[in-house]
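Just below is one structure, and these are the notes that go with it.
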Amino acid sequence: MSETSIGPVALTMGDPAGIGPDITLSVWAKRADRPTPPFLYVGDPALLAARAKLLGQTVPICETDCPGAVAAFRQALPVWPVRSPAPVIPGNPDAANASAVTDAIDTAVRLVLAGEASALATNPISKAVLYEAGFRFPGHTEYLADLAARATGVAALPVMMLAGPKLRAVPVTIHIPLKDVPAALTPDLIYETCTITAADLRSRFGLPAPRLAIAGLNPHAGEGGALGREDDAVIRPVIDRLRAEGLDVVGPLPADTMFHDRARETYDVAICMYHDQALIPAKALGFDDSVNVTLGLPFIRTSPDHGTAFSLAGKGIAREESLLAALRLAAELARNAGGTKR
């Protein structure tokens, strides 16, 4: 299935003062040198033009819709306009532009759910800036889950995956303090995270029989209870349940021996118990080409595995590889899924 048959990837602008505009321009400008799926930038065309001028780039920009984006992509950077209400200064975020950030997300999600765009890719946002403007969600992912639930009437449990050429890793708990992880690791949360991950690996990643390796929480996976009870009392019963339901699952495994080359050959995804247990190996093995994928949503969502990098904005030094990887993976998952919805 070609990109023309499934529509462009809808790419949100992210925080306009960050590097989102810079890396978007770089990806498009280098499209002739490497495979780049057609995308539709949902954001401020004037911002893109100003950033291109600041960076010394000549980038033609055209305002268009989804079908027009695919047709125009080789000649111009297609934009679905969402205007920023306040002037944008690279590196200086302004809460006055928070409404444009969320409007771009809302618009892109609507386009994907309507089947006009094939998938969603999101440039980085600043939670601190959005909080200043009254944003009430813990982060980007939770906001997307709320939009999906309101659109479909079905609550979604979003699951975070870092996907790179050498490793896919999923943290069960995400942005919580390490001291709170043991209490947050409930059997239901571990089970749902694993089943959602397996379902998306089948339907979107083209893996009919995914292999899951589940990490323990404690050193040496608890060492029979000597170093903690969670591995045997909480994690192991979930693994037994998953196996009984036919999933290919191993664990709980000591995390310090899960990520070397030979170990990674034995599984398709590592299910980790907390944020750094998953993201440290994922980023160490593929910092520039790892992609943040949100599983469990009724649409495909990817993003680069970095933040707004305000200190780099407008300087021509931000690297675009992770965004390109996010766009490529979004298009690949859409082709695998045969459309946009679960």
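Backbone N, Cα and C atoms are what each Cβ position is placed from, and that goes for glycine too.
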Matching residue for the divalent metal cation site, where Swiss-Prot names HIS220, HIS275 - out of HIS175, HIS306: HIS175
Which of ARG150, ARG301 belongs with HIS140, THR141, LYS283, ASN292 in the substrate site listed by Swiss-Prot: ARG301
Distance in Å spanning the most remote Cα pair of HIS140, THR141, LYS283, ASN292, ARG301, given for substrate: 20
Site with most surrounding Cβ atoms, counting all protein chains shown within 10 Å, from the binding-site residues HIS140, HIS220, HIS275, LYS283: HIS140
Spatial neighbours, same chain, of HIS175 (divalent metal cation binding site) - Cβ under 8 Å, 6+ residues apart: PRO138, GLY139, HIS275
Cβ-Cβ distance under 8 Å to ASN292 (substrate binding site), same chain, at least six residues away: MET160, MET161, LEU162, THR302, SER303, PRO304, ASP305, ALA326
